[in-house]
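A short write-up of the structure that comes next.
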Amino acid sequence: MTASTMALSSPSFAGNAVKLSPSSSEITGNGKAIMRKTVTKAKPVSSGSPWYGPDRVKYLGPFSGEAPSYLTGEFPGDYGWDTAGLSADPETFAKNRELEVIHCRWAMLGALGCVFPELLARNGVKFGEAVWFKAGSQIFSEGGLDYLGNPSLVHAQSILAIWACQVVLMGAIEGYRVAGGPLGEVTDPLYPGGSFDPLGLADDPEAFAELKVKEIKNGRLAMFSMFGFFVQAIVTGKGPLDNLVDHLADPVNNNAWAYATNFVPGK
């Protein structure tokens, strides 16, 4: 393990695929089982990019001060801010970085899923329930919940049926993202490429680096949006578009401050 780590950290391997050969214990039976792991080194981003490197944009601009030594600007979304020291340990940083990117992607999909049905319903498209936090209760209705409105696909009147479908749909994709599959191996679980990039958006390294920054920035906004949707649902019992319409109609009485000052515990 130590030798592999040293080999991967050597600059002479930058940009090349590194193959790790097995030990003798990995050779079993009548034939040889050779296990290889391909590690792809990210191509350096142009020094002119404002989002990477020591001269990148910081969280407070010129008033940010010096960033921690372990925040070098190598990864997208690094603004040099880590007052709690969450990124000081490399292994913890790698884990948290993966968690953030995955949550960003789900939050962007979730925010779209919260707003889009309401938007369609306001434009004449009929839904059983367009408000996101009420939609799940349709499985308890007399007709149940049909995937894509087609009872021959999944006619769900059970939370277990919904759960099973989600495990299959989400678990298969996540498993392929991490471990690869019949369509090809995955060298980077965060940015698998290949079948996950049919448009070839990652073909140009500099454009890809820019897209990574856009993804993490929009994803962070989406996570805050989802938090706001949850709070709105608890406080007002309405969806995000309904709350927006109410606020625009009467911004003085329909805002966060008004609801906070009118809140009485136990009522």
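The chain as shown is numbered from 1 upward.
Glycine residues also receive a Cβ, built from the backbone N, Cα and C atoms like all the rest.
Pulled from Swiss-Prot:
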{"type": "BINDING", "residues": "Tyr59", "note": "chlorophyll b 1 binding site"}
{"type": "BINDING", "residues": "Trp81, Ser87, Glu100, Arg220", "note": "chlorophyll a 1 binding site"}
{"type": "BINDING", "residues": "His103", "note": "chlorophyll a 2 binding site"}
{"type": "BINDING", "residues": "Arg105, Val154, Leu183", "note": "chlorophyll b 2 binding site"}
{"type": "BINDING", "residues": "Gln138, Leu148, Glu215", "note": "chlorophyll a 3 binding site"}
{"type": "BINDING", "residues": "Ser158, Glu174", "note": "chlorophyll b 3 binding site"}
{"type": "BINDING", "residues": "Gln166, Arg177", "note": "chlorophyll b 4 binding site"}
{"type": "BINDING", "residues": "Gln166, Phe263", "note": "chlorophyll b 5 binding site"}
{"type": "BINDING", "residues": "Lys214, Gln232", "note": "chlorophyll a 5 binding site"}
{"type": "BINDING", "residues": "Asn218", "note": "chlorophyll a 4 binding site"}
{"type": "BINDING", "residues": "His247, Ala256", "note": "chlorophyll a 6 binding site"}
{"type": "MOD_RES", "residues": "Arg36", "note": "N2-acetylarginine"}
{"type": "MOD_RES", "residues": "Thr38", "note": "phosphothreonine"}
{"type": "TRANSIT", "residues": "1-35", "note": "transit peptide"}
{"type": "TRANSMEM", "residues": "101-121", "note": "transmembrane segment"}
{"type": "TRANSMEM", "residues": "153-173", "note": "transmembrane segment"}
{"type": "TRANSMEM", "residues": "221-241", "note": "transmembrane segment"}
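Across the fold, the C-alpha of Phe263 (chlorophyll b 5 binding site) and the C-alpha of Ala256 (chlorophyll a 6 binding site) stand 11 Å from each other.
For Asn218 (chlorophyll a 4 binding site), the same-chain residues lying six or more positions away in sequence with a CB closer than 8 A to its CB are Cys104, Met108.
Close to Trp81 (chlorophyll a 1 binding site), meaning Cα to Cα within 10 A, are the following binding-site residues out of Tyr59, His103, Arg105, Gln138, Ser158, Lys214: Tyr59. Following the DSSP three-state reduction, the secondary structure of Arg177 (chlorophyll b 4 binding site) is helix. Only residues 6 or more beyond the boundaries of the transmembrane segment (101-121), in the same chain, are considered here, and those with a CB under 8 A from a CB of the stretch are 127, 130-132, 135, 190, 215-216, 218-220, 222-223, 225-226, 229, 239-242.
By the criterion of other Cβ atoms within 10 Å of the residue's own Cβ, the least surrounded of the binding-site residues Glu100, Glu174, Glu215 is Glu174. When the record's chlorophyll a 1-binding residues Trp81, Ser87, Glu100, Arg220 are compared pairwise by CA position, the greatest distance found is 17 Å. Sitting within 8 Å of the Cβ centre of Trp81, Ser87, Glu100, Arg220, and not among those site residues for chlorophyll a 1, are the Cβ atoms of Gly77, Asp78, Tyr79, Asp82, Leu86, Asn96, Arg97. Around the Cβ of Ser158 (chlorophyll b 3 binding site), 13 further Cβ atoms fall within 10 Å across all displayed protein chains.
The binding-site residues under consideration are Ser87, Gln138, Gln166, Gln232. Their Cβ neighbour counts within 10 Å are lowest for Gln166. Counting only same-chain residues at least 6 apart in sequence, those with a Cβ under 8 Å from the Cβ of Arg220 (chlorophyll a 1 binding site) are Gly77, Glu100, Cys104. Using CA atoms as reference points, the binding-site residues Ser87, Gln138, Gln166, Glu215, Ala256 were checked against His103 (chlorophyll a 2 binding site), and the closest is Glu215.
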